[in-house]
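S.K.: For reference, the structure I am asking about is given below.
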Amino acid sequence: MEPEVVEAEIVLPTYLSFKRVQTYEKYPKGQSRGRHWKHLKQIIQSENYSNYPSDEPTYVSIESPPSMHPCKRICDITGFEAPYYDPRTKLRYANAEVFRTVRSLPDEYVQKYLAMRNAAVVLK
Amino acid sequence: MPFISQFQRQSDYNLFSPTTPIVIDNGASYFRIGWAGETEPRVVFRNIVQRPRHKVTGETVTIVGDHNPALMKYFDCTRSGPRSAFDSNVVYQFEIMEYILDFGFDRMGANGLEIDHPVLITECVCNPVQSRSKMAELLFETYGVPSIAFGVDAAFSYKYNQHHGVCNKDGLAMCPGFTTTHVIPFVDGEPVYKGCCRTNIGGYHVTDHLKQLLSLKYPYHLARFTWEKVEDLKMEHCYIAQDYASEAQLFRRGGKEAEEKTRCWQLPWVPPPTEEPPSEEEIARKAAIRERQGQRLREMAEAKRSSRINELENELHGLEFLLQQLDQVEESDIPSFLSDTGYVSKQEIESARAKVTQSLRKAKGEPKSDQAETERADSANSEKYSLINIPDETLTPEQLVEKKKQLALKSMSEGRQRSKQKRYEEEMQRERRLQLEEEKRLENPELYLEQLHAKYKDLSEKVDQRKRLKTNGNHTNGNNLSGGVGRGERLNAAQRERMRLLTTAAFDRGKGEDTFGARDEDWHLYKLMSRDNDDDDEGPDEDEAELARISSRLQDLDPTFVPKLDTGNAQSAEAVPRSRPLTKEDFQIIFGVERFRCPEILFNPNWIGVDQVGLDEMAGVSIRRLPDKDESLEERLTDSILVTGGSSVFPGMIKRLEAAIRMIRPCGSPIRVVRALDPVLDAWRGASAYASASLFHTQTFSRADYYEKGEDWLRGYQLKYTI
């Protein structure tokens, strides 16, 4: 290990005195590290929220509802107000110049712009 | 930069008695740990872990937090990106959490056999009990902590500010964080979680949005937009517009105000070294060298030519001498005489002599006499093809064979002549066309140039369109990992046609058995298919050739012309056209609209595709959700609205919130929106103040409690914030 790395102490030591069980004992090498930790969706699913009184606030119940205000539409490329929408590429654009840019974009970029808005076509 | 990590190892761990709690603010962005009762956390670092391999020794090490990139070059970080223990705002990866806690305790100076202090740790609102119990288990089992308390960071921040008089005991806490935004109403100093509201938008999404916008706008500089750099940019330059529509209008008009609000980031750029025009002596010297080389070459060519002429002349003399000798010898003796010399008959000698004379003439530089050629060719023709004109019946069989041979030869040579003629004619035509163009150019250079440009544009558009149609599907499907042609890739017109034909053929007409191929006509299908492929490929070629010709012509004539690169290929769309030198402007990143467009998503999550309410509406939702409310309570709530959390430091946030809340409240009701004293550190400070209270130990639970009472009790565990 290079001297400056050792000096900077950026590496976590493997043995720490204040721990009862060390990490290498708990997670032996060789076992797949990307373990079976449940993701949030799975955690929420396995919580039996239905078993408990329904007026208690839970992680799911405090989530916000969808917006009531009409959504303001802005141009995907420039950020100005965009009353227009291109049916072929499904992008929103603000004026004729931007439209020219929209039509000349290669497909990859179109999908990336749509992905920003979570509107890309995902083929599985 | 407002957020700075500090992780010096503390040395006074042993000075604190075992009753002093350790306070941890476990946030999705930063991890802060310190002692209760102090105003600043001792150790602060980013809540991420990396596990790279050391390049030299090959061992995998763990690195917590963000570190000096110069040190990171010793590690191979390609396979290990930074990983977080959080999924949204809930901890789910406890292995990573363990590394983080290790590091945190280690830097606090912990030594001894276990952590012998009570721990107060923050969590998210309504944390799922699984996460909570795993955290408790981790702390109890691995670190030996005697007792734990869980609290909500936004609540601590509110209490802290309440003690300092910034807000009242009834109020609303709005906390835009790193991954989520919460609005929590407080009644009598306690948070009412029933009225709480959470949207899954935070500072992370703002930075991500900015990063994507910049990468798409400046694909050439993609490598420059790292996460850390974009976060820096966001913190420095982004602001929240008072009214988005009018700001956008301002920029659209593009006046002076818009100019002032636009920031420009100049990337490092070195102009290419300009070559100095070579000085006079250089030019003269180079010219002299070239002269000398040319001279030498010419001399060599001369020498070769003269030697060849000499050779040929000698040969000619020899042959003529032979002929003369032949004349003197009698007829019958010719074969024996000639056997020495290697020629068989007089004609041969004569033809050889003719050839040598011809080459001699060529070497001497006389023009080849075409006339003589063709005449001789004609005469040869009439000799060679003597049999052709004689009708068939009068010839003997051998002569017939001979005649067929001659016919074939004649047609071949005629074909050759015809093609030569055609080529010659084409040459003439091209010459004529070029001449015409030259004339047109000379008489009106500008008009000619314009016409050329117009033609070029038309042609290039046509070619591009055709190319795009052909390859439209082939670049989009980055998701498609399989090697074969999948459902999404058959977007080429020919391939689509092929698929259509195949599916119609395979269509089961209900007779049960598949009888395709039983009849011969079925296989004609494949003939149709390949014809489709061929047609597509041949067409554009002439257009492309024409395009190339015009482009080269334009390049010669017009110094400002830039040939359009092939944009059908997505790769080259990134490349700045390099036929003109890169200028300083190419390396400037302009922030105009992005400055206020990105933080705007906190108010309009729809722009990211998250279908939830924005910050302004959340206040209304939260008040509506309160279980029992009356007018006065609502007024008290809106009278003290505290804005805290890492993403609340954007300039303009307070004014915007005030305006937005005024819209949803009845006219005249009091509205007061204040920012926390320190939106980033207040959560930790509040927790520290709380933990140093004398009754703190009544709010904690110990290991024994945890194992006796079990998970159900843990679910119901809530901290009481006023003690």
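Every residue, even glycine, has its Cβ placed from backbone N, Cα and C.
Keep in mind it's a predicted model, so treat the numbers as computed, not measured.
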S.K.: Labelled region 'Disordered' by TrEMBL, one stretch among B:261-281, B:408-428. Can you tell me which?
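M.R.: From TrEMBL, the annotated region 'Disordered' range turns out to be B:408-428.
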S.K.: Need the matching range: TrEMBL marks region 'Disordered' on one of B:355-391, B:466-502, and I'd like to know which.
M.R.: B:355-391
S.K.: Quick check on the annotations: TrEMBL lists region 'Disordered' for one of B:34-54, B:433-453, B:559-579. Which range is it?
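M.R.: Comparing B:34-54, B:433-453, B:559-579 with TrEMBL, region 'Disordered' matches B:559-579.
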S.K.: For the region 'Disordered' (B:408-428), DSSP counts of helix, strand and coil?
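M.R.: Within the region 'Disordered' (B:408-428) the tally stands at 21 helix, 0 strand, 0 coil.
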